[in-house]
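> So TrEMBL says this about it:
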BINDING   Asp39, Arg155, Tyr159, Tyr160  L-histidine binding site
DOMAIN    79-218  domain 'Class II Histidinyl-tRNA synthetase (HisRS)-like catalytic core'
DOMAIN    239-330  domain 'Anticodon-binding'
SIGNAL    1-27  signal peptide
Amino acid sequence: MPQLGLLPRRAWAALLSQLLRPPCASCTRAVRCHSQDFDIAGQFDPMIPDAECLKIMCEILNGLQLGDFLIKMAWKDVRHEMVAKKGLAPEVADRIGDYVRCHGGESLVKQMFQDPRLSQNKQALEGLGDLKLLFEYLTLFGIAKKISFDLSLARGLDYYTGVIYEAVLLHTPTQAGEEPLSVGSVAAGGRYDGLVGMFDPKGHKVPCVGLSIGVERIFNIVEQRMKTFGEKVRTTETQVLVATPHKNFLHERLKLIAELWDAGIKAEMLYKNNPKLLTQLHYCESTGIPLVVIVGEQELKEGVVKIRSVASREEVAIKRENLVAEIQKRLSES
């Protein structure tokens, strides 16, 4: 699978299309909740795109390294919706409730298949068949252990038409001194075959399944971890700043930065003819740029440049022709 940075291409597709959603009941602050969505629309064979959405959700959460997580469906006040709105017999809804209070995967689905009170109901049988097929695909994808079957997300029965899922963190990565953070679900989704047709004047049915990643909640987790351990957020990917302590050295800086760019090193410089050295160093500290290449009158005369570590403030002079190799070595060791 082609890779783009940390996450697979499909995972980036889910993260790069940011949507601004209206406030929802689960948002505890008076702000809008940001999420990023991934959806598959079209007529396909059962459960194949559903399984892929769950695979993508796992890829994203694994790639973000937030800690262990579980994708689940839990029981919560769904009996009334099943009976009054969806036409299931009360005894069938109660029987389903007995099962979903237990958590499990494909084995639980197989157990429910063997219950005559469920297997004799057409609607229940169809749903169980879909779930059984889904777990077969999830097993092939290698993520079945991340899925726990249960039905609380059926609270959205008027909106969703098939499987519904929600990802929760079992815990954030813990270290000494770190306080636990409760953020609820960090991703959710499901199948909604009837929604798009509501906006089509001709009522054409467009089957859809998708997922949303709770970006704001994920940022809350990362923000707390960084605050706890005194870490800073890097606001740039720049690896090297080309600097000078003297005036009229723009041309030399341009030569150096072009050499670094040609070697594939992420470098930048301040867009000023004669910036003060202290300003340049402060810029590195505030943005998290790890290295500074300094050229001045003395360095130019001796055919060297200085490499400064922003963290330690140590400087070392190296021959001009060895600059790229030295920078690459330091970056590989960091």
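Glycine is treated like the rest: Cβ placed from N, Cα and C.
Just so you know, TrEMBL annotations never went through curation; they're auto-generated.
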> Counting every protein chain present, what is the number of Cβ atoms, excluding its own, within 10 Å of the Cβ of Tyr159 (L-histidine binding site)?
11
> Mind checking how the domain 'Anticodon-binding' (239-330) divides into helix, strand and coil residues in DSSP?
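Going through the domain 'Anticodon-binding' (239-330) residue by residue, I get 41 helix, 21 strand, 30 coil.
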> Cβ-Cβ under 8 Å from Asp39 (L-histidine binding site), same chain, 6 or more residues apart: which ones?
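The answer is Cys208, Val209, Gly210, Leu211.
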> Over the span of the domain 'Anticodon-binding' (239-330), how high is the average pLDDT in this prediction?
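Mean pLDDT for the domain 'Anticodon-binding' (239-330): 96.
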